[in-house]
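What follows is a single structure, written as structure tokens, with notes after it.
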Amino acid sequence: MSNEANMKDAAKESLKKATDPLEKLRSHCLSQGYSGILSLGKLFRRLDKDSSWTLSKEELSRGVSQFGLDFSDADVNKLFSDFEKDGQSGINYEEFLEALRPSMTEPRKAAVEAAFKHLDKTGDGVVTVEDLKGVYSAKKHPKVVKGEATEEELLKKFLNMFESSTSVDGKVTKQEFLDYYSGLSKAIDKDEYFVSVVNMSWGL
């Protein structure tokens, strides 16, 4: 069984036991695979019609429901109140996603941030899918190493995650980059291996 499959199974078990709404949502994201949190982030960005970077309680409830979770009103209220700030009409979903991501150790986070910085030639916090296409290598990806997928298959899958339904078509934000790698990080035990996967992927 692959690392991703193990992570999905473990997350499904965690979801059954979870009582806290944030933990339920995190487990549900991870049960979708490496890109679960990235997918939720893209959904939130679509719901943010006025580009305010905030979600109302109704938008949060709709997003959770569209993502496949049946939350009670009490769950939604708790989730919303945990992130609501005085004087703010809604919750900042980037802060929300940051709290939702499985924590990465400092070496892992530094590797992901260095990779993004390497790709972000203009320093504006956004890279294009074309930029990724020219650099990405899946040679050391766990699935390629185990013979479960080819480099070409993974490149296509990786790019598709960012190309479909992003807030700005064909562009990847630093937050989306972190959303993806936080899922991958959860499936890899050793810091050294995770860092080497990131570095090899982006020619660092």
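Heads up, residue numbers simply count up from 1 along the chain you see.
Each residue, glycine too, has its Cβ placed from N, Cα and C.
Caution: TrEMBL annotation is automatic and unverified by curators.
So that you can see what the record holds, here are the features copied from TrEMBL:
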DOMAIN    35-70  domain 'EF-hand'
DOMAIN    71-106  domain 'EF-hand'
DOMAIN    107-142  domain 'EF-hand'
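Sequence-distant neighbours of the domain 'EF-hand' (107-142) (same chain, 6+ residues past either end, Cβ-Cβ under 8 Å): 2-4, 149, 151, 154-155, 158-159, 162-163, 168, 170-174, 177-178, 181, 185, 187-188, 191, 194-204. Taking Cβ pairs closer than 8 Å, the domain 'EF-hand' (71-106) reaches residues 20-22, 24-26, 29-30, 37, 40-41, 44-45, 48, 52-57, 59-61, 64-65, 112, 175, 178-179, 181-183, 185-186, 191 in its own chain, all 6 or more past its ends. In the domain 'EF-hand' (107-142), the DSSP tally of helix, strand and coil residues is 21 helix, 3 strand, 12 coil.
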